[in-house]
Amino acid sequence: MSVTVKVPAKVNLQLGVGPLRDDGYHDLVNVFHAVSLFDEVTVTPGPLAVTVAGASVEGVPTGPDNLAAKAVVRLAGHLGRAPEASVHIEKAIPVAGGMAGGSADAAAALLACARLWEADVPLPVLMDLAADLGSDVPFALLGGTAVGLGRGERLTPLSCEGEFHWVFALADGGLSTPAVFAECDRLRAAFEAEAGWPHESPDLLAALASGDAKALGAALTNDLQPAALSLRPSLGRTLAAGREFGALGELVSGSGPTCAFLAADAEHAAELAAALAEAGVARALAAATGPVPGAHVLS
Ligand code: ATP
């Protein structure tokens, strides 16, 4: 018997970063949006092991450090049983790309093992286990569009009308999320920029609720973008190219280096992806739509 779970990547439509807290974290306003780039995680009975395959899997650990392995151990601990599951990950979500691929795999492993072990784990308990594993993990279970407060893990679903069309410019190499937050703190200190308390953007919420792509494009914001650009200046060219080719809006996804561009419709997304490929400003381009559902069992 095996269980396969399909799980989406996320893009952050708003990432508001508050001042550094005493515990080393930041208060966030994080508007997550699940998009149609998916990893598939399959679990089978056996000793705990992780294998990974896919177009780009560089830097993904296959030992106990893999977030999916941590999820297996965490769920087994909760259930008081041995973590016996062999995990295979088919990766399409870029690694260390600011699209929460590792978190997605952890969410998928939780759901898959609960099914494999025939354990009746209520969703709120699964969400708590997910939050223990990382602040982006609960959203990968939930999917859709949602705002996350606190470290990003206290989630409220948002009303989102229709379907939005995205183009993602994947970069060579990743950016470490902690390094990008540290650079954000460094830049704020260097420029004596007082970080305000982040608030949900009313313009963004209205654009989502009405399905207005043009208004959504104008409302995209990411407080980590200056830090990602400081660590990877070439992203400035990528973003500028998308603007020049008519994207309705563009931003660095999460901690980067993936850049996200909003298109008017599927045709516009295909044109935009072709123009960005031609301009040579990305390692690869991927078109996707959002919102899509969170982690779900396929077999
Ligand atoms: P986020 O957007 O949540 O900040 P990210 O998309 O930038 O994350 P991930 O792809 O989740 O980054 O990977 C970050 C690091 O986590 C990788 O460089 C890798 O060392 C480690 N990692 C552990 N498990 C996984 C996994 N299953 N898939 C990818 N990376 C993993």
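Numbering starts at 1 and runs along the chain as displayed.
Even glycines carry a Cβ here, placed using N, Cα and C.
Keep in mind the model is a prediction, meaning the values are calculated, not measured.
Going by TrEMBL, these are the annotated features:
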- K10: active site (ACT_SITE)
- D136: active site (ACT_SITE)
- P94, V95, A96, G97, G98, M99, A100, G101, G102, S103, A104: ATP binding site (BINDING)
- 66-144: domain 'GHMP kinase N-terminal' (DOMAIN)
- 205-281: domain 'GHMP kinase C-terminal' (DOMAIN)
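Classification of G102 (ATP binding site) by DSSP places it within a helix. Residues G98, A100, taken from the binding-site residues G98, A100, A104, are distinguished by a CB atom under 6 angstroms from ligand 1. In the predicted model, the domain 'GHMP kinase N-terminal' (66-144) has a mean pLDDT of 96. Candidate binding-site residues: P94, G98, G102. Fewest other C-beta atoms within 10 angstroms, P94.
Counting every protein chain shown, the number of other Cβ atoms lying within 10 Å of the Cβ of K10 (active site) is 32. Residue pair D136 (active site) / A100 (ATP binding site) shows a Cα separation of 7 Å. Under DSSP, residues within the domain 'GHMP kinase C-terminal' (205-281) fall into helix, strand and coil as 44 helix, 11 strand, 22 coil. Shown in sequence order, A9, I93 are the same-chain residues outside P94, V95, A96, G97, G98, M99, A100, G101, G102, S103, A104 whose Cβ sits within 8 Å of the Cβ centre of the ATP site. When secondary structure is read from DSSP and collapsed to three states, K10 (active site) falls in the strand class.
In this structure, A96 is the one among the binding-site residues A96, A100, A104 with the smallest number of other Cβ atoms inside 10 Å of its Cβ. The two recorded residues, G102 (ATP binding site) and K10 (active site), have Cα atoms 11 Å apart.
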